[in-house]
Amino acid sequence: MIVTTKIQDMQTMMQQYRLEGKTIGFVPTMGYLHEGHIALLKKAREENDIVALSVFVNPLQFGPNEDFARYPRDIERDERIAKENGVDVFFCPSVEEMYPHPLSVQVTVKERVDVLCGKSRPGHFDGVATVLTKLFHIVMPTRAYFGMKDAQQVAVVDGLIRDFHFPIELVAVPTVREEDGLAKSSRNVYLSPEERKEAPALYQALQQAKTAIENGERNPETICALVKNYIQTHTHAEIDYVEVYSYPDLKPLEKLHGKVIIAVAVRFASARLIDNITLDIV
């Protein structure tokens, strides 16, 4: 596995692979890799000649009161996990390398951001889209891999690739879960033992919603109420949102039909957790 911190080296390497006719699978991350990331790496390994992984905690996507300084980092561990999972190139630039001077141009996301997490994190997805635009230009991959745990991010990346004509195939990989259903996340380490016991209620609530829809329920408000009620009954968490939209364009629906997302976010004392499911409804 080649490890590099320099943009120039990364570009040269990737260019060489492309000249050799090799396909490149790219997994952009903020590090502190867990099974969710490993699922992305495995999928990339199956589908490409070369797997490139980036680890970069992007300051642009953290709000003023968010956990940039506290976000877990362990680059040696990340390197080990990457190597064990067949990564060919490990790219871990510094903030100075990625942002050597203040940006004169930045990407602003116009659609798909005024709902879900985007609502309470203004500017967050502009930061995501800006760093991905940079990374896509540096790596120029054949395919880019993202987890459906952050389904709004997947929707934003879908729009970014489409609108900027990146010749990149977006591969969305299903959420990886603990045995009790809790979505794997770098932030789960913040949960107290009591909160960890309650946290699977998010996925259980979503499963209740799925069952109701399978039994014919088509009213989004009824579905949201059902999910909220389940979470309030089974946890001490404060609900940030429970929302239902069309997917991936994230538009409100009067009646459930087509591809939809049911998404939740809650705040425990020590961590904010998100989860979602997508369903195809006829």
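Glycine residues also receive a Cβ, built from the backbone N, Cα and C atoms like all the rest.
Features of the protein shown, as given by Swiss-Prot:
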- HIS37: active site, proton donor (ACT_SITE)
- 30-37, 147-150, VAL176, 184-187: ATP binding site (BINDING)
- GLN61, GLN153: (R)-pantoate binding site (BINDING)
- GLN61: beta-alanine binding site (BINDING)
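Features as recorded by Swiss-Prot, highlighted on the structure.
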| residue | record | Cβ contacts under 8 Å, 6 or more apart |
| --- | --- | --- |
| MET30 | ATP binding site | VAL55, PHE56, VAL57, ASN58, TYR71, SER186 |
| LEU33 | ATP binding site | VAL55, ARG77, ASP78, ILE81, ALA82 |
| GLY36 | ATP binding site | GLY147, LYS149, THR175, VAL176, ALA183, LYS184, SER185 |
| HIS37 | active site, proton donor | VAL27, THR29, ILE81, GLY147 |
| GLN61 | (R)-pantoate binding site | HIS124, PHE125, GLY127, VAL128, VAL131 |
| MET148 | ATP binding site | VAL154, ALA172, VAL173, PRO174, THR175, ASN276, THR278 |
| GLN153 | (R)-pantoate binding site | PHE125, VAL128, PHE146 |
Inset, instruction - Specify the count of other C-beta atoms within 10 Å of the C-beta of SER186 (ATP binding site). - result: 17
